[in-house]
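What TrEMBL lists as transmembrane segment is 6-28, 40-58, 122-144, 174-203, 231-255, 261-282. As annotated by TrEMBL, domain 'G-protein coupled receptors family 1 profile' applies to 17-281.
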């Protein structure tokens, strides 16, 4: 019952957060606001988050409350599959968002300046290809998973909660663990690089304004500090949630018979980032908007001061 309540609480919170973020962009769209390329990335993140929440949170909640029939053969094949695909796309989309932002705010004299005009055109193809990649990587779920309620006579089974899978050799399990972990590792490294680049650019910008008068320095330092803190919060939350989730997924792949703690922890951790990320993005959008507005306002103010 306690585990079911935790699953249900995380799922409802995640649905409310992603629905609020979706309503935010729908409101902007229908009020005539022209969506930016980052808005398309965030809309894809919402779809991926909903996939994880609906195909992991609700089935686990129902089974914890005693509705075990939800994990029939079809449920054991489809629910883990769409959860894994949504989780992978969620990680890849967050990585893509960081890369696009790092390219966007890069100085005009940097090596990434030429990508500023090309990057928006690559967003939709990149998202489409990453969906295809995750669908192909996680195809092992519908191939090898079955329900414990089924009458199949399979003696060599690995028990994964209410589902079970065919047990393979250790070498195949290690190869599969490396396969499912490799996209996550690449995304982690790329996001760390992109976030570090953004922090370095903001840090250089903060020192560059030291030559401006004191009135301009005091008004610029606050939004820059907020932007730096927001980036650090996003990166730390992303790495913490998804790194732990990836570790437990590897345990599920290589262990012969993982216990209930590993199985439930893996499912709970898969819900963590889709639940928390919309609230972080909503807070980040307000900070970035405030930063841009304040920077423009102060730039005009300093220009007027120089001409006086």
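Placement of Cβ uses the backbone N, Cα and C atoms for every residue, glycine included.
Model, not experiment: these values are computed from the prediction.
Scored on C-beta pairs under 8 angstroms, the neighbour of the transmembrane segment (174-203) with the top count among 6-28, 40-58, 122-144, 261-282 is 122-144. As a quick check, the transmembrane segment (122-144) and the transmembrane segment (231-255) miss the bar of 3 or more Cβ pairs under 8 A, pairs 6 or more apart, so the two do not touch. Count of Cβ pairs under 8 Å against the transmembrane segment (6-28): among 40-58, 231-255, 261-282, the largest is for 261-282. Taking Cβ pairs closer than 8 Å, the transmembrane segment (40-58) reaches residues 7-8, 10-11, 14-15, 18, 21-22, 25, 78-80, 82-83, 85-87, 89-90, 93-94, 96-97, 100, 123-124, 127, 267, 270-271, 274-275, 277-278, 281 in its own chain, all 6 or more past its ends.
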